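Annotated in TrEMBL:
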{"type": "DOMAIN", "residues": "13-214", "note": "domain 'YjeF N-terminal'"}
{"type": "BINDING", "residues": "61-65, 128-134, Asp157, Ala259, Gly320, His366, Asp433", "note": "(6S)-NADPHX binding site"}
{"type": "BINDING", "residues": "Asn62, Asp124, Ser160", "note": "K(+) binding site"}
{"type": "DOMAIN", "residues": "224-492", "note": "domain 'YjeF C-terminal'"}
{"type": "BINDING", "residues": "Lys403, Gly404, Ala405, Gly406, Thr407, Gly432", "note": "AMP binding site"}
Amino acid sequence: MSELLPLYRGAQVRAMDRTAIETLGVPGYTLMCRAGEAAWRLLRERWPRARRIGVACGPGNNGGDGYVLARLAKAEGFAVVVLAPPGTSPRAREARQALADWRAAGGRVETFDGLLPEADVWVDALYGIGLARPPSDAARAMIERINASHVPVLALDVPSGLDADTGHAVGAVVRADVTLSFIAAKRGLYTGMARDFDGEVRVDALGLELSRLSDEAPAAWLIRPDGLSRWLAPRHANAHKGEHGHVLCVGGEVGMGGAVRLCAEAALRTGVGLASVATRSAGVAALVAARPEAMTHAVEDAAALAPLVERATVLAVGPGLGQGDWGRALYAAALASGKPLVLDADGLNLLAAAPTPLPQAILTPHPGEAGRLLGVTSAEVQADRFAAAAALVRRFDCVVVLKGAGTVVAAPGEVPVVIGAGNPGMATGGMGDVLSGVVAALHAQRLPAFEAAVAGALLHAAAGDQAARIGGERGLLPSDLFPYLRRLANPE
Ligand SMILES: NC(=O)C1=CN([C@@H]2O[C@H](COP(=O)(O)OP(=O)(O)OC[C@H]3O[C@@H](n4cnc5c(N)ncnc54)[C@H](O)[C@@H]3O)[C@@H](O)[C@H]2O)[C@@H](O)CC1
Ligand SMILES: [K+]
C-alpha cells in the first residue's frame, strides 16, 4: 500500500467514470459488473464462512452494484436475499440492466416491511456518491435494522447515509466493517464522523488507470506512517546541537504547568537541538526537576521573554498559557516578534478574540478551537472539515492542522493532507501539547511549515498508535507517546 493515496470528491470520480465510458470506451455496465465482482471477491476473502448473503439495494447505480454481487453469489450456490426499500425501482440504465440480470438468474427482490431477514453478512448497496438528501423513512429503518443486527457489513463505495465529500452523516448511516470504494478513494471517508462508520476502507480501481482518467489534482492526499522517512533523514556524523534548532515553549500559567512540560519534552523527543521553556516562576522548580534537559526560565512579563525569543528558532505558544493578563502579554510579545510560531490551546483562543493574519504561524486547533476561530460551532466545523480547514487558511493566511479523527493539514496553495493514523485513545487532555512540541521541533529542524505540520501530525498519530497497540486505547496518556516519538523519529 502506497504511503500517499490521492483522495477525490464524488464529482471528480463521476467525471472519471464518464471518461472511462465515453473516452476509453469501457461500457458503464462492464464497470458495474467489475464493481460487483470486486466486492464479492472481498466478501468471500473476508468472511469465508458466510453462507447467507443479505444485499440491501437502493434506487441508483450503487444498488446496481448490489444486484451484480447478488447474482454472482447465487451463481455460486449461496443463499441470497435482496432487500429494497418500498417503491425502489432503478432508473439508471446500468442499474436496470443489473436488476434484469438478477431476475433472469431467478433472483427475487424483497420489499422491506420492517423486518430484516437473517443473513451472515449484509452488503450495503443502498446509496453511494449519489446520495442527495437524508435517506427516506423506510431506508432509515433498514439502516437501523442492519446496524442493530450485529452482522458484519460490507459497504459498497460509501456507507449509505454518509456524504462522500465531507464524511458527514446526511441522516442515518450504515455502520460498516469494511467499505470497498470504486475507481478512486473518496475524500470524506478518511476524516471526522466517517471514521465511525466506514471501518476498514479499501479501494478497487475497476481495472482502470487513474492517470488515464483524470489530470486534475486530487482533492486531498491521505498520508500513512510509512511516509515519515522522507522527512527524517539520519543526522550526519559531525552534527552539533545548533544545527537542530531551538524551540521555545511559552505557557504554563499557575495550575497549568504540565502542558508546557509536555510540549518541551515532545520537542526534545522529536530531535530538536535545544528546548527552552518560558513559564511562571511558580512552575520552574518542578519542571527543572522533571526534565532537566529543558532550559526553564521564570518569565513574568514580556520584557523577560524578549531575550529568549531572540535565541529561539521556533516558538510554541499556548500550552497552559491561560487568557489572563500574563498569558495575553506573552502572546502579544510572541506575535510581535515575527518569529515562526506554532499556536495551540489558549494561543488559539487569544487569536480568536482578536483575529489577524499570521503568515508565520502553524495553527493546531481542535474542532472547538477551530469553531471559535471561525465564529461557528464545532458541529459546523465537523460537518465539513475540509471546508473548515480551508476557511481557516483563508482567514489567517497560514498552515492549519485541524485535529480530530483524520487530522486535516491545509496551507495556502497546497492540496490538503489527511493523516492516515491516530486512534480515539488520543482524545485526552495534553495530547495537543505534545503535538505542538512535535510540530515546532520539526519546523525548528528546518522543515518548511507545511511539511513540519504534516510530518509532525503523522509522527504524533503514529506514536499514539504504537503506544495504544501495547497498552490499549483507554487510559493512554500523552507522555506515553515519548518513547514512540523517539523511535519513529529515527526511521530505519
Ligand atoms: N458506471 C457507473 O455509473 C458506475 C457506478 N458505480 C456505482 O454507482 C454509484 C453512483 O450511482 P448513482 O449516481 O446512481 O447514485 P446512488 O446509487 O448513490 O444513489 C442515488 C440514487 O438515489 C436517489 N437518491 C439520492 N438520495 C436519495 C434519498 N435520500 N432517498 C431516496 N433516493 C435518493 C438519486 O436520485 C439517485 O437515483 C456509485 O456510488 C457506485 O456505487 C459503480 O458501479 C462504478 C460504475
Ligand atoms: K453504499
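Quick reminder: no glycine exception, Cβ is built from N, Cα and C everywhere.
All annotation found in TrEMBL is predicted automatically rather than curated by experts.
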List the residues of the same chain that sit at least 6 positions away from His366 ((6S)-NADPHX binding site) in sequence and have their Cβ under 8 Å from its Cβ, in sequence order, or write 'none'.
Lys403, Gly404, Gly432
Residues other than Lys403, Gly404, Ala405, Gly406, Thr407, Gly432 within 8 Å, Cβ to Cβ centroid, of the AMP site?
Thr191, His366, Leu402, Val408, Ile419, Gly422
Could you state the CA-to-CA distance between Gly406 (AMP binding site) and Asp157 ((6S)-NADPHX binding site) to the nearest Å?
19
Tertiary neighbours of Gly64 ((6S)-NADPHX binding site) (same chain, Cβ under 8 Å, six or more apart):
Met32, Pro90, Ala92, Glu94, Ala95, Gln97, Ala98, Leu99, Ala125
Would you mind reading off the Cα separation of Asn61 ((6S)-NADPHX binding site) from Ala405 (AMP binding site), to the nearest angstrom?
30
Cβ packing number for Gly404 (AMP binding site), 10 Å threshold:
22
What subset of the binding-site residues Ile129, Ala132, Asp157, Thr407 lies within 10 angstroms of Asn62 (K(+) binding site) at the C-alpha level?
Ile129, Asp157
Tell me which binding-site residues (Asn62, Asp124, Ile129, Ser160, His366) have a Cβ under 6 A from ligand 2; sequence order is fine.
Asn62, Asp124, Ser160
Near the Cβ of Gly432 (AMP binding site), how many other Cβ atoms are there if near means within 10 Å?
26
Any of the binding-site residues Asn62, Ala132, Ser160 with a C-beta atom under 6 A from ligand 1? Give them in order, or none.
Asn62, Ala132
Using the recorded K(+) site (Asn62, Asp124, Ser160) as reference, state which further residues of the same chain have their Cβ within 8 Å of the centre of those residues' Cβ atoms, listed in sequence order.
Ala56, Gly58, Gly63, Gly66, Ala125, Leu126, Tyr127, Gly128, Ala155, Leu156, Asp157, Val158, Pro159, Gly161, Val174
Check the DSSP secondary structure of Gly432 (AMP binding site), expressed as helix, strand or coil.
helix
Between Asp124 (K(+) binding site) and Thr407 (AMP binding site), how many Å separate their Cα atoms?
27
